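Straight from TrEMBL, the features:
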- B:14-77: domain 'MrpA C-terminal/MbhD' (DOMAIN)
- B:121-178: domain 'MrpA C-terminal/MbhE' (DOMAIN)
- B:6-23: transmembrane segment (TRANSMEM)
- B:28-49: transmembrane segment (TRANSMEM)
- B:55-76: transmembrane segment (TRANSMEM)
- B:88-106: transmembrane segment (TRANSMEM)
- B:155-174: transmembrane segment (TRANSMEM)
Amino acid sequence: MENDHLVLRVVSKIMMPFILLFALYVQFHGDYGPGGGFQAGAIFATGMILYGLVFGLDRARKVLPWNALMFLIPLGLLIYIGVGVVSLLLGGRFLDYDTLNPHHPHAGQHLGILLVEAGVGITVAAVLTAVFYAFAGRGVKQ
Amino acid sequence: MSGFFYVDLILFAILTVTAITIAQLRHLYAAAMLSGLFSLVCASIFVLLDAVDVAFTEAAVGAGITTVLFLSALALTNAGERFTPRRLGLPALIVVTITGATLIYASQDLPVVGSLDSPVQTHPLKSVYLEESVQETGIPNVVTTVLASYRGYDTMGEVAVIFTAGIGVLLLLARTRKPGSEAGSS
């Protein structure tokens, strides 16, 4: 398994940076074009799953360890809720991004949506990758 | 419109043929691969409908991740469906026929795709979202504005659902370890 599939390994190695870059583009360009956290998270997870399929689960786990995923899954949700709590503390309503930058409500909206979408992306990417790890890891004799 | 009509027609034909083939297949590996094709064709249709966001998700999750998870599940279980003799279920046939006829009858009341007097176009919220959202938030993409700003609670709930579902699946699937063994050993 490790020695054949040379074309597959070379091509996926070349494709990996572009897949991850596209995920980041979809993530951070969501304010202007189509995209956002859900899509970016799914694309990022697809990249990790491709890596895991071609190079094996062990190498994928070296790139993105299981413990890191267990940290990232709640982190995304906490970022989202945290933005809401911060806007409460700044004197606005829950998830009222205008308060993040009182002099520039538009900048506040931009910042808030950017942070919230980052939270969505982190949780989605981590959950999907972790589900793949859990599925693929079950059949393997350790 | 007319050029896209034939593309739509071809894509829907592929979609229908794929669905019928999946329903008839006994070999689950082939069925999993074809369901990936089904999702990919769906993603193309979403692109034609100008719903690129949905197409991204469908292509990544439907065609990519779900297919891989199907195959992983098949590797753990069995790639063949247990043989059940085909027989004509008359009650099932009646239910399916009535449901299908009802859906076709109901579809007569749907507005034409893109028509100007559909509820989507005439609802007062449309002008709020499409015309005032840029002034209120300064963000050009209305979909993102609605998702993250106007309906931030909604999206937070969705992330919580994904979080909960992920934790649930991981609890079911993840290898149970003995208390003494190392956590990071797998």
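Keep in mind that glycine also has a Cβ here, set from the backbone N, Cα and C atoms.
What TrEMBL says about a protein is an automatic prediction, not a curated fact.
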Inset, instruction - Tally the residues of the domain 'MrpA C-terminal/MbhD' (B:14-77) by DSSP class, grouping H, G and I as helix, E and B as strand, and everything else as coil. - result: 57 helix, 1 strand, 6 coil
Legend entry - Across the domain 'MrpA C-terminal/MbhD' (B:14-77), average pLDDT on the 0 to 100 scale: 90
Inset, instruction - Using DSSP, break the domain 'MrpA C-terminal/MbhE' (B:121-178) down into helix, strand and coil residues and give each count. - result: 47 helix, 0 strand, 11 coil
